[in-house]
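Below: the structure, in C-alpha cells.
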Amino acid sequence: MSEKKLETTAQQRKCPEWMNVQNKRCAVEERKACVRKSVFEDDLPFLEFTGSIVYSYDASDCSFLSEDISMSLSDGDVVGFDMEWPPLYNRGKLGKVALIQLCVSESKCYLFHVSSMSVFPQGLKMLLENKAVKKAGVGIEGDQWKLLRDFDIKLKNFVELTDVANKKLKCTETWSLNSLVKHLLGKQLLKDKSIRCSNWSKFPLTEDQKLYAATDAYAGFIIYRNLEILDDTVQRFAINKEEEILLSDMNKQLTSISEEVMDLAKHLPHAFSKLENPRRVSILLKDISENLYSLRRMIIGSTNIETELRPSNNLNLLSFEDSTTGGVQQKQIREHEVLIHVEDETWDPTLDHLAKHDGEDVLGNKVERKEDGFEDGVEDNKLKENMERACLMSLDITEHELQILEQQSQEEYLSDIAYKSTEHLSPNDNENDTSYVIESDEDLEMEMLKHLSPNDNENDTSYVIESDEDLEMEMLKSLENLNSGTVEPTHSKCLKMERNLGLPTKEEEEDDENEANEGEEDDDKDFLWPAPNEEQVTCLKMYFGHSSFKPVQWKVIHSVLEERRDNVAVMATGYGKSLCFQYPPVYVGKIGLVISPLISLMEDQVLQLKMSNIPACFLGSAQSENVLTDIKLGKYRIVYVTPEYCSGNMGLLQQLEADIGITLIAVDEAHCISEWGHDFRDSFRKLGSLKTALPMVPIVALTATASSSIREDIVRCLNLRNPQITCTGFDRPNLYLEVRRKTGNILQDLQPFLVKTSSHWEFEGPTIIYCPSRKMTQQVTGELRKLNLSCGTYHAGMSFSTRKDIHHRFVRDEIQCVIATIAFGMGINKADIRQVIHYGAPKDMESYYQEIGRAGRDGLQSSCHVLWAPADINLNRHLLTEIRNEKFRLYKLKMMAKMEKYLHSSRCRRQIILSHFEDKQVQKASLGIMGTEKCCDNCRSRLDHCYSMDDSEDTSWDFGPQAFKLLSAVDILGEKFGIGLPILFLRGSNSQRLADQYRRHSLFGTGKDQTESWWKAFSRQLITEGFLVEVSRYNKFMKICALTKKGRNWLHKANTESQSLILQANEELCPKKLLLPSSKTVSSGTKEHCYNQVPVELSTEKKSNLEKLYSYKPCDKISSGSNISKKSIMVQSPEKAYSSSQPVISAQEQETQIVLYGKLVEARQKHANKMDVPPAILATNKILVDMAKMRPTTVENVKRIDGVSEGKAAMLAPLLEVIKHFCQTNSVQTDLFSSTKPQEEQKTSLVAKNKICTLSQSMAITYSLFQEKKMPLKSIAESRILPLMTIGMHLSQAVKAGCPLDLERAGLTPEVQKIIADVIRNPPVNSDMSKISLIRMLVPENIDTYLIHMAIEILKHGPDSGLQPSCDVNKRRCFPGSEEICSSSKRSKEEVGINTETSSAERKRRLPVWFAKGSDTSKKLMDKTKRGGLFS
C-alpha cells in the first residue's frame, strides 16, 4: 500500500503547476491585494437601455432585419456587440451561442435568438462578416472564436474596447464591461445573477433577459462612442503619475480630506443618536478605510503585507456578491475561448470529456466566496482568468503530461459507456429509415423551433445541421455508435407521450364532414344594424369606388363608428377586409393606425391609397421620408406601422390620441399573434399593451385564417373587451383545387400548366411556385429557364436588393412566374395571380390556405395545384422532431396528418379545407361551386365518369388482415426499429439486418403477396390514422416505429375477435381500376383515370371548353386575329357562371369584348410603366373586364364602374381614349350601362326571356347533375353535401320553372302520382293545393315530401308543362355552361317492371298528352342558355 501511495504522490508531483488548485489560489491571493474597488461604486446609478428592443427568433425575419441594418449603416460605422449562451456544460460540450445582440443607435437594439432557429440566418452571417461595419465589445476576440466554432462564422472588423480604452486613457488596465461603464459613464451595470446565469437558449426570452442583453450591447456602443470623442490630450491615468499630478495639489487634497474627517469625528458624539441610517454610515466608513489603505500602499509602500493593519471586514456587502457572479460569467467566457481555440487546431472527442470535468472543477472553485469581505471580486476573477487562460493556452505542457490527461479522460469515457451499454439494445438495431438529405429553407421551418416551453429544463445536446455534409457526417457517426453499442436510447419519454397521440380518426373526420349537413340556409340574412346613410355611401364611392358595402364589411365598420367596439374579423382572402380599417378614419377625418408585419405590402397599400387621394404613410425604422411631423399635424388619415415600432413607441400613440384622435387600431394578419397559428411572431404578443395605453380606441383584428381556438387566442392576447367576432365563409369559389404526384422530372411535372407560344413557353397568367427549400427553387428555376420562360427566384438567402427587384418586376408583370420559398407571397399586393403551384407537400392546412390565398384576389377564376411525393411528408415529419414543446409538437403532427389526408383523399377537396376551419356555413358558401367541375379534381372526376360519392368518395376497403400482420410484426420485433425491418420480416427477406431468431416465427414471410412499396404506403396510412407512430430513438435522424394506444387496443381486439379495419383506399393501396365504381363502365376511348390525378383524355369539344374556363391569355399576345374561341382570357367568377338568369350574349359581342379587353390590358401596362406603379394598382382585371363590357368614354361614366374612385377615374383617362378609338374603328356602341344594351343582345334577350329556366345557382347544379349527368338523387345529395330532401326540392322547383325532368327516375312514377292526385281531389283536401300540411298527413309516409310538391306543380301546370317522362336521346343540355350532348338513359324492363312491349305502349298511352311536349321546350331552352365566355 505504501508503494502505491508513493507512486501516486510521484505522479501528482509530475503534473503541471497550473493543475494544482492550491497553487493557483495562492498565486491569486498574492496579487489580489493591489486591486481595490471604488468607494462610490455602490451609489452609482444603473445603466439602462431605454430605446426600442427588436426581438427576432425567426431566421427569415432575422435575415431581413440584418439586411436592413447593413443598408442603414455607412462604411466605418460601429455597432455594439455582445453574445449570450447557457452557462451549463453538458456531456463535454459547451453551450452554443443562444443570443446575439447588436445595438445600432441609442434608440434601437436588435436581439437575435439564434438558438430557436433551425439554421443560422444568412443575412446575419453576412452582417457579422461585413468588414465595413465595426463590432465593438469587451472580450470580443473570444466571441470571434466562439462564433467560428459554433456556426463557422468569421467575425470581421471587431473592436476590443479594452484595447481602445487603454490606448485612449494611456493605461494598461484589464477592463471589464462594467468597469468601463463605471469609469466612463459614471454608472454601473445591473448584474443580477438570476438573469445573467439563466438559460439563454430557452424560448421566448423574458423581458428582464431582453433588457439585460440589450443593455450590454448598448454599453458597448456608447462606450466606443465616448472613447472615440475622448481627446488624446485628456489623461485620466498615467504610467508615471508624478509627471501628471503636481505634488502640491496632492498635499492640498490630503490635508483637506483629513480636516474634514477630523471635523466629522468631533460632531459624531452629538449626531450619532440622530442618525437615520447608522448601517449606511458604517458601510461608507468601511469603504473609506479600504481606499485609504490602498492609497497608503501606493504612496508609502509596505514591506510586510502580512502584519500590516488592514481595514475591518466584518460587513458582508452586496456588491461582493455581484462581483463574484461577474467573475463566474467572465471565467466561463475565457474558458469558452480556450476550448474553441483548441478545437480549431486539433479536436479530439476525448478532450470533450476532459474539458467537461476540468470546467466543472474550475466552476466549483469559482463559486466559493473568499473570507476577505473587501476583496474586489470582479478584478480578482479577471486575474484568475488571465492566469488560467495563459496556462491552458501554454505550449509548455509535456508530451507525458498530455498522455496522462488523455488516458484519464478515456478511462472515464469508457467506464461511462460500459455502464450505459447494459441498458442498450443490440448493435444490430441500426436501421435508419430517414436517410434523406435535408436542404430546407429557414422559412419552411419558421414555426418548428420557436415554440419552446419555458418549463422545458432538459439539456439538449443536439446541434443544428447547417449543410448536407454535416447531416451525412452526423448520420455516419450515429451508425458507428450503434455498431459499437455506445448510444443511449432517448425515446422512452417521447414514446410514452406519442402512444397517446391524438391524430384525427376516421370518426373525427366524418364529424367534420357532417358539420355542414344541416340543410340549406338563405343566402341573405336580415341584419340588426341600420343601413349606411347617404353621406357614408358618398364617401365610399368617392374614395374607394364602391356603391355599397358588403354585409360583413358594414357590420364591422358600423360597430367601430357608432359603438367604438373592438372587433375580430375573419374574412376570406379577396372579401375586402382592408376596407374595414381604411374607411372609418377617412370618413371621420382622424387617424387610423394599421399594424402589419409586411413592409412590402404596406408600401403598396400606401401607394394605392395615395392614388385614390387618401393621405397615407408608412412609419418605421426603415422609413426614409421624415413623416413624423406631418403625422403629428394630422395630415395623414391612415398610418401603417410594424408591430415592433408600435410596441416601442406607445408614448407617440398616446400623444396622437390626445392631440388628433385615433379612429381605430387595426391589427392586420392577426393570426400571427397566436402561438398555435401557422405564422406566429413574438412581436405581435406585445401588442396586448395597446388596450392598456389606449383604452378608448377600438381595436380591429383581421385575418383570413383563424380557427376558433386561434380566434380565442387573439382576443386574449390583445386584451380585447367584449369584442364583436365576425366570420365570413372561408370558401374561395373562384379557386380550382388539384393534387398530383411528382414524377421526379420537374419539366414533366410543370408542363401541364404551360402553353406553347411561337417562340417560347409561358404560364397561363402570373404564377407563384412554392418550393420547400432554396435548393429546390434554384432547380425549378433552372429547368424553366431552359424553356426561355421569364421567371425569378425568391428566398431568404438572397440579398435584400435582389429580392426587392424580383418583387418589383413581378407585380409590374415584367416576369410571369416567381419560384419561391414560403417567405414570398404574404407581402405581395398582386390581385391577378392565376396559378399557385406547390412543388412539394405543404406542411399544414392553415399555411396551405394562406398560400393559395394569393391566387385570384381579383375574383376571376384561378387554380391551385399541389405536386407532391411521399418523401415530402417524411421531410415535414422529420422537421417536427425539432420542436421541444411536446404539446405543440403533437398539435403540429395532427395538423400535418390532416394535410396528408387532404393529399390522399378522393373526397371534395374544398369540403376538406372548409371543414378544417369549422366553417358552419360550408354549404352556403359553396352552393355555386361544390360538386361541379370547377370545384376540384375529385369533383371533376366524379362528373366525368358519372359516379357519385357512394362509388368513389373515400373508397373504403377492409384492410384488417394486412393491419394485423403489420402491427403484429412491429410488436414482435419489440418496437425497436423503423418500419423497414417489420416489412422485411413480413416479406420473408434474407437480409442480415433481420436476426435469425425471427425467421422461425409463424408470421415470417406472410406478407409476400404485397410489394415493399405497398407495405410502406400502408404503414403511412396506419400512421395517419393513429395506429402507429414514429418517434426519435438514438438521435433526431433515426426513427423507430411503435404502436400507439389506439393501435395496441385494436391489435388486442383483433387477436380475440374479427380482424376488420375499414380504411380509406388510395391509388397506392389499391389499383386505379379498382377505385373506379364497379357499376360504371368507362368507355374504351377514355384513358384510365386516377382520382388524385386530373389530366384525363377529353374529347375535343370538352377540352376546348375547359381551356376556356381555366386559361389566361397574356396581354401582349392578344390581338383581333387571335383564336379567342379556343383560349379566352378568363371566365367570370363562378357565382355568375351558373346563374341562368344572366343574358346570353352573341358570339360577335363576346369577340368584341375580348379583343377590347386585350387592348385595355396593353394600354394599362404602358400607362403603369410611365407612372412607375404596379398595373393592378392602377386598375384591376375586374375593372378592365367591366370597361370592356360597358365601354365608357367619359370620366363620369367610368366612375360608374365598381371599384373606380374619383382619384382613379382621372388616371384612367388614357384607357378611355383606347375605348373611343376601338369603338369608332369597329362601329360598336359605347357607354353600355343598365339603361342600354347592345342591339343584338337586346334582341337575343327578348327572345330568351320567356324560355329561360329561372333557377338559382344551387338548383341549376342539382338539375344538371340529375337530368344531364343521370346521377341518382342519393348520389347528388352526397356529392353536394346536402340532405336528400333539399335535392328533391330543387327538382320540384325545376318542375315549377317548366324545365324538362325525368319524373320516373326522380321517383314520381304514375302510381305515386295517382296516389297523390287522389288525396288532393278527395275530401278533406277537395283540390285545395295550398293545404300542403294536410296533404302530407294523408299521403303515405313512404312517399317523400318533394314528390308531393312535384305532383302539385304538375297538376297546376296542366297540359302547358314541358315535363317529360324520360330524357330524349337527341336532347342537349339546358344547364348553362356546357355543350356536351346528353347521353341516353334507357331504362331496362326490369327497372320499370314492364314485361312486354305491349304493356309498355299501353302505359305510355295512359300518360297525359302534354307530357310529350318536353322536347320542344328543351330545345328552345338549350338555345337560350348556351355558355358565354368572360363577359356573359
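Including glycine, each Cβ sits where the backbone N, Cα and C put it.
The structure displayed is predicted, hence computed values, not measured ones.
Of the listed residues (SER282, SER319, SER440, SER1205), Swiss-Prot tags SER440 with phosphoserine; the rest carry no such note in the record, though that does not show they lack it. It is 668-671, from the ranges 668-671, 844-847, 1180-1183, that Swiss-Prot records as motif 'DEAH box'.
In Swiss-Prot, the feature motif 'XLM' is placed on 1419-1432, out of the ranges 299-312, 341-354, 1419-1432. Swiss-Prot lists ASP82, GLU84 as Mn(2+) 1-binding residues, and of the candidates ASP163, ASP192, ASP208, ASP216 the one it assigns to that same site is ASP216. Range 11-23 is the one annotated as motif 'KBM 1', of 11-23, 362-374, 401-413, 1389-1401 (source: Swiss-Prot). Noted from Swiss-Prot: of LYS24, LYS125, LYS154, the annotation SUMO2 cross-link belongs to LYS154. What Swiss-Prot records as phosphoserine, among SER478, SER926, SER1279, is residue SER478. Averaged across the domain 'Helicase ATP-binding' (558-724), pLDDT for the predicted model comes to 85. Ranked by how many other Cβ atoms sit within 10 Å of their Cβ, the binding-site residues SER548, GLN553 place SER548 at the bottom. Taking CA atoms as the reference points, ASP216 (Mn(2+) 1 binding site) and ASP82 (Mn(2+) 2 binding site) are 7 Å apart. Under DSSP, residues within the region 'Interaction with DNA' (987-993) fall into helix, strand and coil as 0 helix, 0 strand, 7 coil. In sequence order, ILE100, GLN101, GLY137, ASP143, ALA213, ASP216, ALA217, GLY220 make up the list of same-chain residues 6 or more apart from ASP82 (Mn(2+) 2 binding site) whose Cβ falls under 8 Å from its Cβ.
Annotated Mn(2+) 1 site ASP82, GLU84, ASP216; additional same-chain residues within 8 Å of its Cβ mean position, judged by their own Cβ, are MET83, LEU99, GLN101, TYR212, ALA213, ALA217.
Here the Cα atom of CYS939 (Zn(2+) binding site) is found 56 Å from that of GLU84 (Mn(2+) 1 binding site). Taking the C-alpha atom of SER548 (ATP binding site) as reference, the shortest distance to any of the binding-site residues GLU84, CYS908, CYS935, CYS936 belongs to CYS935. Counting Cβ atoms from all protein chains shown, CYS936 (Zn(2+) binding site) has 27 others lying within 10 Å of its own Cβ. Residues CYS908, CYS935, CYS936, CYS939 make up the record's Zn(2+) site, and a Cβ search at 8 Å around their centroid adds LEU737, ARG909, ARG910, GLN911, ILE929, MET930, GLY931, THR932, ASP937, ASN938, ARG940 from the same chain. In the three-state DSSP scheme, LYS550 (ATP binding site) falls into the coil class. A 10 Å cutoff on Cβ-Cβ distances gives ASP216 (Mn(2+) 1 binding site) a total of 28 other Cβ atoms nearby, all chains included.
Taking the C-alpha atom of HIS546 (ATP binding site) as reference, the shortest distance to any of the binding-site residues GLU84, CYS908, CYS935 belongs to CYS935.
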